[in-house]
Amino acid sequence: MNLKVKIGELTLKNPVMPASGTFGFGLEFKDIFDLKNLGALVVKTITKNPRLGNRPPRVYEVSCGMINSIGLANPGWDYFCEKILPQIKDLNDILILNIAGESVEEFQYLAREAQRFDEIKALELNVSCPNVSKGGIAFGTDLEALKQIVSSVRKIYSKTLIVKLTPNVTDITVYAKAAENAGADALTLINTFTGMVIDVKSKKPILGNKHGGVSGPAIRPMAVKMVYDCFKAVSIPIIGVGGIDSKEAALEFFLAGATAIQVGSQNFVEPGFMPRLIRELGEYLQEENIESIAKLTGLAHRGEENV
Ligand SMILES: Cc1cc2nc3c(=O)[nH]c(=O)nc-3n(C[C@H](O)[C@H](O)[C@H](O)COP(=O)(O)O)c2cc1C
């Protein structure tokens, strides 16, 4: 029974990692379980300069999930690398830094900085945040901007490069192929769906930023389809994310074509969910007599021409 998977040049001991922004920098969770159990540690998006984020309220629970408009609140690169990185570098062997920028130059700056640190093993480019006015989703929905960001970071960054895409497009496979062609080693699918909640008493939008990103089980069927479609369109590994709250939900993503998965909103519901999931995936392989989790990737495509 083998839970190991490969993403770019990295071998992960298992395919489970937190989704950026739902696990902080890991520090709040380190007393709940040993973070070394995770396949990788993905941290909250870091930008070059500190960001306060959007006006509150920024998070609201909806049926089958939540909506947030955090707006990439983070302490900025200098603070992260001086104060946070030393505290988290030993929490897991594979630290994945998620970055965002308001310009191609900011992405390049952060990639150059990240390249200097041995403890940062991979970059995840957040070109998909729906909650910021500059960059974010605007980059992820503009094919030319996406190509430019990925290829310019690729020139600077020689380690594993992961691109996290937005679902807020008509055909995500076009963006997946563009990211692959521009030099991505892997894709993370997907970020949140834009959405809105309105308070019927005040008759106004609930979130301070009016709209936000919907996550949780509500988005899972759409996320699974996007992984399924992109599996046929690209040949780089896919990290599936969107509403994973059980072993069965995680398995859907593997069968659709994911090599690894991320857990987001469920971390707020059950902080110890990820170690339980890792254990249950191992038990599932044993029960089903499947030698390796990698064998599940894309199995739902069996019988189709392209597989
Ligand atoms: C409160 C919150 C904050 C988030 N912050 C980030 C972020 O900083 N960077 C990022 O790439 N994605 C961010 N996301 C998106 C998640 O990483 C993930 O793509 C999304 O929530 C879907 O997964 P889920 O349904 O398992 O939550 C955030 C999501 C939530 C709920």
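In case you wondered, yes, glycine gets a Cβ from its N, Cα and C as well.
Record features (Swiss-Prot):
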type	residues	note
ACT_SITE	Cys129	active site, nucleophile
BINDING	Ser20, Lys44, Thr45, Asn98, Asn126, Lys164, Ile190, Gly216, Gly242, Gly243, Gly264, Ser265	FMN binding site
BINDING	Lys44, Asn68, Ser69, Ile70, Gly71, Leu72, Asn126, Asn191, Thr192	substrate binding site
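Cα to Cα, Ser20 (FMN binding site) and Lys44 (substrate binding site) are separated by 5 Å.
Each of the binding-site residues Thr45, Asn126, Thr192 was scored by the other Cβ atoms within 10 Å of its Cβ; the lowest score goes to Thr45.
Looking at Gly71, Gly242, Gly264, the binding-site residues in this record, the fewest other C-beta atoms within 10 angstroms of the C-beta turn up around Gly71. Here the C-alpha separation of Gly242 (FMN binding site) and Thr192 (substrate binding site) works out to 8 Å.
Largest Cα-Cα distance over the residues recorded as binding substrate, namely Lys44, Asn68, Ser69, Ile70, Gly71, Leu72, Asn126, Asn191, Thr192, equals 16 Å. Neighbour count (other Cβ atoms within 10 Å of the Cβ, all protein chains): 26 for Ile190 (FMN binding site). Of the listed binding-site residues Ser20, Ser69, the Cβ environment within 10 Å is emptiest of other Cβ atoms at Ser20. Within 10 Å (C-alpha to C-alpha) of Cys129 (active site, nucleophile) lie the following binding-site residues from Lys44, Gly71, Thr192, Gly264: Gly71, Thr192. When Cα-Cα distances from Thr45 (FMN binding site) are compared across the binding-site residues Ser69, Gly71, Thr192, the shortest belongs to Gly71.
The distance from the Cα of Gly264 (FMN binding site) to the Cα of Ser69 (substrate binding site) comes to 15 Å. Distance between Cα atoms for Ile190 (FMN binding site) and Lys44 (substrate binding site): 15 Å, as a whole number. Fewest other C-beta atoms within 10 Å: among the recorded positions Lys44, Cys129, that description fits Lys44. Across the fold, the C-alpha of Gly71 (substrate binding site) and the C-alpha of Asn126 (FMN binding site) stand 12 Å from each other.
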